Amino acid sequence: MEKDIYEKIMDLAKRRGYLWSSFEIYGGIAGFVDYGPLGCLLKNNIISKFREQYIIKEGFYEIESPTVTPYEVLKASGHVDNFTDPIVECKNCLESFRADHLIEEFVDVDTEGKTLKELDELIRKHNIRCPKCGGELGEVKKFNLMFVTSIGPGGKRTGYMRPETAQGIFIQFRRLAQFFRNKLPFGVVQIGKSYRNEISPRQGVIRLREFTQAEIEYFVHPERKEHEKFDLVKDEVVPLLPAERQMDENLSDDEKVIKISIGEAVEKGIIRHQTIAYFIALTKRFLEAIGIDKDKIRFRQHLPNEMAHYAIDCWDAEIYTERFGWIECVGIADRTDYDLRSHSAHSGVELSVFVELDEEREIETYEINLNYKVVGKIFKKDTKAIEAYINNLSEKEKEEFVKNIENDGKVIINIDGKEFEILKDYVEIKKVKKVIKGEKVIPHVIEPSYGIDRITYCLLEHSYREEEDRVYLDLKPSIAPIKAYVLPLVNKDDMPKIAKEIEQMLRENGIIAEYDDSGAIGRRYMRADEIGVPFCITVDGQTLEDRTVTVRERNTREQVRVKIDELVDYLKERLKE
């Protein structure tokens with residue numbers, strides 16, 4: 001039976017030093033992967049392109065925070081309570097499986113957004129058994145996906161391996177706002193490892209327990225989600241799969257996807273606002289720039305029942321793969337002020353910016369203070385969070401709060417998914433006049449989150465080419481791990497010496513090159529092609545006469561002669577491709 005493309009790529013990746021199974025000599029563990037020498041170079045080149053786009057061109061700044069995160073942070077963010085997947089255990093062999101994925105393996109049904117009860121009913125209805133031993137499956141339950149650890153000796157303080165890099169940015173919001181002089185909008189990048197204790201990872205490099213994220217948290221005024229550079233992308237045509245069309249049973253899968261300009265998608269309300277649309281356009285451009293097939297990219301909107309607990313809108317950049325179908329590689333979410341408001345409530349530290357007005361003005365506003373004699377006894381340890389919530393209300397939110405409490409005698413507030421009923425006698429409200437120069441604003445956050453490992457695999461698959469006499473990776477020169485192979489035609493005269501000098505010259509000029517004198521020249525070309533080297537430089541007899549070399553281009557196999565003195569400039573120009 002012929003191997004599918006995934007098997008071919010993984011075979012090449014293992015032989016040539018792109019990807020290896022982790023802990024291989026001990027039998028390996030699913031959900032972990034090692035990057036070999038070429039894999040590291042490729043992955044780092046992708047990350048460099050990411051930094052080029054977002055840090056250099058967009059003017060964002062990067063920070064780095066710890067991967068170990070205290071319980072309090074992830075309780076406030078909602079991950080302790082909400083970062084879960086459905087799990088089912090075999091009653092016989094005790095093997096665990098992710099329930100929704102297991103059902104989809106046996107039944108042609110979409111399990112996205114199904115409740116635990118609905119998943120349980122599907123298992124019973126279709127008599128789905130344990131795929132390992134055929135035993136009966138137990139009840140579907142929630143499983144928290146975070147790796148738990150302890151901070152310090154004695155296990156007194158619980159910590160987790162971070163499930164996303166974003167929380168490190170939110171925690172430092174006060175410092176970041178100060179760095180950006182309290183001017184909105186501003187963008188912050190973090191690139192690093194995140195962790196997800198997958199129940200039964202069976203998709204190789206697609207579903208990892210430890211993975212690299214490149215995330216942007218873009219802080220905006222909650223009432224100003226236009227983007228100043230929107231005109232630069234408004235004509236970009238993108239393939240969109242809106243939630244409404246996904247749910248339309250009268251449309252085929254192909255008909256559900258629409259190709260539309262970014263500008264028109266915003267005008268028609270398909271994309272919620274300009275800032276999400278802007279990042280969708282940038283994501284498309286980035287993926288195409290590194291070499292992802294433009295015909296295998298689409299942007300799918302999350303359905304209401306699959307939206308993350310912190311988001312009001314989210315679009316995934318999905319990339320098509322032969323074995324796994326469409327896989328999510330980038331998520332672009334409007335997280336509103338959920339994170340900053342939650343951390344403010346839990347920590348008691350105000351996380352807002354002061355937005356100056358064009359000119360001073362006198363306003364009527366409300367001072368809302370808690371009646372501690374009453375609420376302290378009722379809410380106890382939650383009193384601090386409630387006070388922080390009220391203190392962070394904007395002028396508009398204060399008006400709404402007072403209006404509701406006057407009309408209904410109470411207000412229901414929600415802090416991290418927990419509801420509190422605030423009665424009229426719990427607060428003291430005063431109407432006052434004051435002159436203001438601006439207002440406190442809790443910014444909303446637009447978050448593009450890139451899964452670098454999935455993107456790396458997709459790039460390998462989309463670059464894989466087979467011809468009658470060779471296999472090669474059609475990697476763009478700017479992305480390819482090794483830029484040039486330097487080859488003496490034969491191992492005699494001064495050819496090896498000159499070839500080694502050229503290799504050193506290229507490396508000193510920032511071009512990663514590799515010397516190879518092993519085997520016939522044709523075999524060496526094939527070896528270079530298979531790992532995606534865009535240029536082979538051959539030192540031959542003519543080199544000894546006129547100091548020129550042949551430069552062979554990987555895809556076309558065409559060769560040109562270039563003077564050694566001009567080789568660096570020639571390659572640097574070609575490596576921009």
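A Cβ is built for glycine as well, from the same backbone N, Cα and C atoms used for every other residue.
Quick caveat, the model's predicted, so the values are computed rather than measured.
Reduced to three states, the DSSP call for E215 (substrate binding site) is strand. Just so you know, the Cβ of E215 (substrate binding site) picks up 21 other Cβ atoms within 10 Å once every protein chain is counted. The substrate binding site feature in Swiss-Prot is assigned to R98, E164, F211, T212, Q213, A214, E215, E447, P448, S449, Y450, G451.
In sequence order, G31, D85, R98, L145, R207, L208, R209 are the residues of the chain that are 6 or more apart from E198 (ATP binding site) and have a CB within less than 8 Å of its CB. Taken from Swiss-Prot, the feature ATP binding site applies to 196-198, 206-211, 328-329, 451-454, supported by sequence analysis.
Comment: substrate site residues R98, E164, F211, T212, Q213, A214, E215, E447, P448, S449, Y450, G451; largest CA to CA distance 27 Å, whole number. Non-local contacts of Y450 (substrate binding site) by the CB criterion (under 8 A, 6+ apart in sequence, same chain) comprise F50, Q213, A214, E215, T283, C329, V330. The separation of F211 (substrate binding site) from I452 (ATP binding site), Cα to Cα, is 8 Å. Geometry remark: R196 (ATP binding site) versus P448 (substrate binding site), CA distance 19 Å. Its Cβ placed at the centre, I452 (ATP binding site) has 20 other Cβ atoms within 10 Å.
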